[in-house]
Structure formats: structure tokens, C-alpha cells
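**Student:** My questions all concern the structure below.
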């Protein structure tokens, strides 16, 4: 009987203390069995990852699986390793399964009878267990099975919805206790029947955190239960609440030896000796010997030079007492095995002789010697499970390094081309770019420190502190530069591009017209102060939001118990959290609406986009008012339908805005003032400026739509406690774009892109995410889904987890709009290469470069740390997060690039005919105007 997600401390307590009164009252029959000595129980420590499929494999095979089993947990494949069920099937046993369909996927051809249920639809806490219990009476009456599996999922689902303190937890435990009672009271477990050989094994695959999640390596997640009830396991002097510790893999060799089938060949577990106390001494030592020989064969496969057991062993008491410490694994393991065999032979010799020694208990010595070998061999083998073909991994790492270096070279060359194009157009920008400013140096420091921190397990566990600190420091540098510029600005002359409103420093009033013919006008001091104040206010807002995010969740592993804002709101009650949700919703709608109506042209199409935004917000509000996730009532049909309608409205609106905006948005009609460029000898009109302005307005609308709808989606599917953090991240990104657009020459473009990228990473941890799989929100992945779909729920789970990084990538579409692109219009025709280089290349390639450096670096670190103590609990889950983040970067970059390219291509098509030739009348005006310019120059 598998009770999914049941922590052992619910039944056995913690730290040699009994469980709480509520837990004992919830499972009275089970505790009566424990207190009367009719059951034996263990805290069976589960190895990470603590998700169902790899834990089931560990219980039936005794082997530790790979961390990729986390991915296979959502798409289980047939198990090919040697296992208990395969052994039982070979000896003719009939196997029956009712419950989690994972068993059926793991062993598709073994079961005589089966009825599977889906394990991923976590909103169901009732039917999923009823579908198992309804078969009990029929199976009790049936005699055609030898091995019955009952896998109950309801308790795990209760945890995902409301955590350990859920009001549904105690009733669910009582339901499980009733099932145990029904089975035990049935005739098949009648203790009066001395011929009964039936054993009830109650196990849990993993525990759960206080929030009800699992997947990581904390004590709460790895503390699983192993409870044995049946004839032969009674103990008179047994304290059920002693901390009897075992490992989950120990279940496989224990059951194999109890039922007389071979131990699975890849098993690294050790039999639970207390369950063999009813056997004779000879049988107990024989069981230990079989387990030892099985582990020795596994050791020989890993250590080809190991030869133990063939040679003569210690034959006297002196040899038994000798302790030979050695650091060499081969020598120590061989010594321990030989010592155990020698002690066993000595016991057998004394059994067949008349000599009796009162000083030495030879049975005890032999049993302890076997246990000593088994424990050491199991520990050594569990560490060796990380061995992989190093040569193959090294070749892959070399390929990753080469690709990273090539990408770095491309980005560097691109930066130089963009920089020199800007300098060629605006000569006054040349001096500030000759040296690296502090913010530019710090971006390199951030990347270096982050890569360096990946080699420390503690810093990986608490990575949220790293990003909060580094991002805040970067924006403090921005604040310092802003204040410094405000103090120096009155003593300098500032010129403004009349057409593009770009604020540019200039050295002399005589340069009021640059070589490209663009006229500049002197700024008034009030205008200077307005821009400076805007930058100052924006960066302060970003810093304040960052501090609130930092204190919202005490994430990570070591400090999660500390008080934070989210815990205070949870204690305040559901009504307070709903108020926060509604306030966040209204704030996002106000910000989104204000951003939309900042457009120069508010056509009917723009009003349509705004209306769809309001409709989506209304649906989110309805869902918020109907949703009782903290009251722990199951999701009803109303909330599911509302969420489904929202998905349709939001996705349709975003896609239509992307597809239709470039076709509907007007190409602005501006004055036909011609400018003759002496250096390029080209014919250029204000039409080119209007072309670029139209692109910018269109990308601005699309980017605003992306970000606003994305935030509404997150308000729908995120935990309610994360409503305010979603708003804070949205504010950070919006005010960062405002800050960068207030003075486009203040920072280099790659610094601006890096800052937005860093905000996305800091926000990722601000939403409560960590590098532990336990913080993945499973419950939200089923909002709006009426029946289980692995694809849909997987997509929603990905969207929830990477909400903040995805928002930062989507905001890059808005960022394209605020770029200074006067140098494009003044020097080039409508060329694809120029548009790619100057507008969307850096916003796309820089996130790819940053991610490539992290992925390559951590792959090298993981290879070096493959024998580290925390390779499974810390480094492996972090690597899964890095790989998933890589997918997120690719998707985000694709959206940005596709939006920019599609918009540009549509406007090129729409303006193709006017661009083909320059009208003769305008050409004459150009020539006349150019001659006047030449004479004046």
C-alpha cells in the first residue's frame, strides 16, 4: 500500500518524539498496531529527486536512478532493470495494481489485473482514492493474486493544494487509516491463523515540505515511511517512536529475502534485520550472507581488481578483533567482507563442536561484521552511481566551449559595428565611449561572480541572495551616475534632435547641425531637469521594488523558516491575500492602459486591444473571487470555465495584435522636406523617418500587449500570494525602460539589455522559486484544465516557473521602440542587415550569450563535482533548472526576433512602391536645396 506523499513523521514522529496529537487522532488504528508491537516501522530515507517514478523504481529495484528520471516522471517509460516485480512474475505469481498508473507504465506486461488513475490532476482529492478503495472487497474475496499494489494519491494532492497544515489533511489520514484497518481485519491478515504468510507493507514514496511540494532533498521531503504489518514482525520490547532509520532502497532486498526470490542485481540496499528476528540464527546469517554476496558482485563490476572471498579468511578470535584502517576502498571493503565470512565460519564451526566460549557471542560478531560490510559497501556504491563516461562528456564540453567562444566573437563584432555607426552619425558620442564606465565594468563582474558561485553548493542553494544583491548594486550604480549627471548638467550644453527627441551632449553651440543634416536645438534648464528627474525617479522605483521582492519570500533551503512578507499575509488570512490580488490586478490594468494610450495614433484597432485587455482583467477578477484555493475547496466548473475563456481571449488578442498591427498601423505622413546628404549622394525624404517611426509605434504596441497579457496570465495561475511580486516585477521592467529611454546616450545598449536580463533572474527568485525541485508549483498547472493533459499541464508549469525571465524577454520588444535609430535613417536605405544589426541583434544575442556562458560553465562544474556529496541534492537539480532556463531563453529570443522581423518586413512591403524612385519635382527641390547648402558651407 503506497500512500503518496506521506511524511514518516505524521506516523512516527520526529527526533524520538511521538507525532502530534492531531496526527495520532487521525490514524488511531495504525498507532494501536505500533504501540502493541504488531507492526515494525522505519523512517525510510528517500534519495533525491523526491518524485514518484524514481522512488517507485528504487523500492522495487534497490537502485538509485538518474536525475533525468524527473523528466521521465511526466512520461514514464517501461522499466528494463532487474526488479522485484519481474522476479515475482518469473516464479508464477499473479500481480494486481489499483491506483497510480505509473506502475502500469513501468511494468506494462506484468499485471494480471489493473485499474490505473492519473497522478497529475492534483485538484482531485476524492475520486482518485475512491477509485482504488472500491476494489478492496472484490480483491479480498478473490484468490487469484499473490501480490496486490494499492497506490493512493489523494494525500499528495491535498499537500499540493494546501500544504501540510491543510484542513483536508486529517480527514485524508483517517481515510488511509481506515483502509489499513480494513486490510488488517480481513481474514487474509488474521493473526490467529499461524499458517498465514501475508505481509502488508505500507510505504510512502516521499514526504512533503510545509507548502506541500516535493522533489528536493530536505528532511521533510526525504522522510518517507516503511511500515510492515503481518505475522512474524511482532515485537514485545519495541518502542514505535524510536528513530528507526533505514533507506528506501532497503525495501527491495528485504522483500526479496523474505519471499525467497533473488535480490535485484543492481540493488545497493541492505536488508532490515529486525524483520528477520523470527527466523533461526542460521537463516538470519544466511540472509545477511546472500545480501553481502550480491553487493560484492556489484562491487566487482565497479572495481575489476577486487578479489575477496576466494582467499582464506580470519580463523581465530584474534583476527576478528583486528581493525586494519585503510583509505583504499578495495582493501577496506575486501577486509570487511573477509572479516564477515570468517566470523560466519567461526560461528558454524562452534555450532558443530562441543566447545562453548562464554566470552564471545559468535553469532553477534558475525551479524555485526556482515552489517558493517553491507553499510560500507552500500554507501560506497551509492556514491559511485554518479560515474559517467568522462571522455564523451569532455568532447561535449569542448563543443559547448567552441560555440560559446564563437557567439562571444559575434556579439563583440556586432557591438563594434553598432557603436561605430552611432559615433559616425553623432560625433559628440565618441569621447564617452573611449573608456569603460563603472556600470559596464560591473556587468562583467556580475557574470564572473555568478559563474564562480556555481561551484559552491551553499551559494547554489541560496542563489536568490546573489541575484538580489548583484541586481540592486547595478541599479545603485545607475542611481549614482544619475545623481552625478544632475549635478554636472547645468554647466554643460545639451542639444536635442528636433525630430527624434533624443537628448545628446554637445561640446559647442556651433555644431547645431551635424553632417547628416539633422538640426539640433539647445535644451532649456527646465527640460534638462525634467529628464534628470525622470531618470532619478525611475531608478529609485526599481530599487524599492527590488527590496520588496527580496523580503517577500525567504527562499532557498537554509533560511526558509525565517519570517517574510508572504508568511505574514498567509497568517493574515484569505481576505487579505485576495485584496492584494485585486489591487495588483487594478495596478497592472492602469499601467497597461496608460502605456497603450501613450501611442501617437489611437485608432479603432488600439481601442480594440485595450478592450480585450479589460475583458481579460475582468475574467481574472472573476476567477479570483470564485477561487477558493486557500479555503481548500476543489476547483469547480465555474472557475475552470473562466480560466479557459481567459486563455482563449488573451492568446487570441496577443496573436492578432502581433499579426495585424503592422498592416493596420498608419505610416505617418510628414512634411516633404528633402535633405541632401553630400557624403552619401543619396535621395532621402522625411518618409524614411516616418517609416522608422511607424515601426517603433507598432513594436511598442505589440510589446505592451505582450507584457500586459503575460502579467494577467500570471495573476491567474500563480499562487495568490505572488500577486504583488508580479506587479513589482512589472514595475521594475517598465521603469527600467523609462529610465533607459529618458537619455539614450547615458548607457551602452548592451548594459541596458543586461540590466533587464538581470531583473528577470532576480524576479525569478522573488516569486519564491529556488534551485530545489520542491518549489515547482504543481497546483497552478491545472488551472483551467478539466482533465489531465501532460502536455498542457507541463506547459503551464513551465510558464509559472519562468514567469519573470519570460517577462523580461517579452519586454525587449518594448525596449526596441526606445532605441535611438536616427543613425539608421540617416545613413542607410531599408536594408534587412542594417535593421538586424542595429535594432534586434543585441537584445536577442546578449541573453543567448549570458545563458551560454552559464550553461557551459555549470556543465564543467557538474563534471568536476560528479563525486561531490551534494551532487544529487544540489548540483543535479540546478542543472535541470539551467537546461530549462536555456529553453526559456530560446523561446523568448525567438518571440523578440520574430516580432521585429515580421513588423519590419510588413512595413517594407507597404512602403515598397514609394521607395522605388524619387519624384522629379522633389529631385529638383533636393538639387536646389543642396546647392544652397554647398554655398553656405
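Just so you know, glycine gets a Cβ as well, placed from its N, Cα and C.
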**Student:** Select from 569-593, 669-693 the stretch of residues annotated by TrEMBL as transmembrane segment.
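**Tutor:** Going through 569-593, 669-693 one by one, TrEMBL gives transmembrane segment for 569-593.
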**Student:** Would you mind telling me which of 392-415, 488-511 TrEMBL tags as transmembrane segment?
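**Tutor:** Here TrEMBL associates transmembrane segment with the stretch 392-415.
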**Student:** Given 779-803, 804-828, which one carries TrEMBL's transmembrane segment label?
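**Tutor:** Within the set 779-803, 804-828, TrEMBL attaches transmembrane segment to 779-803.
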**Student:** Identify the transmembrane segment range according to TrEMBL, selecting from 365-389, 840-864.
**Tutor:** 840-864
**Student:** Thinking of Cβ pairs under 8 Å, which stretch from 532-549, 698-717, 749-767, 779-803 has the most of them with the transmembrane segment (605-625)?
**Tutor:** 698-717
**Student:** Which of 436-459, 532-549, 569-593, 645-665, 840-864 shares the most C-beta pairs under 8 angstroms with the transmembrane segment (749-767)?
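**Tutor:** The listed stretch sharing the most Cβ pairs with the transmembrane segment (749-767) is 840-864.
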**Student:** For the transmembrane segment (465-483), could you work out the same-chain residues 6 or more beyond its ends whose Cβ comes under 8 Å from its Cβ atoms?
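**Tutor:** Sequence-distant neighbours of the transmembrane segment (465-483): 437-439, 442-443, 446, 449-450, 453, 459, 532, 535-536, 539-540, 542-543, 546-547, 549-550, 556, 739, 746-747, 755, 758-759, 761-762, 764-766.
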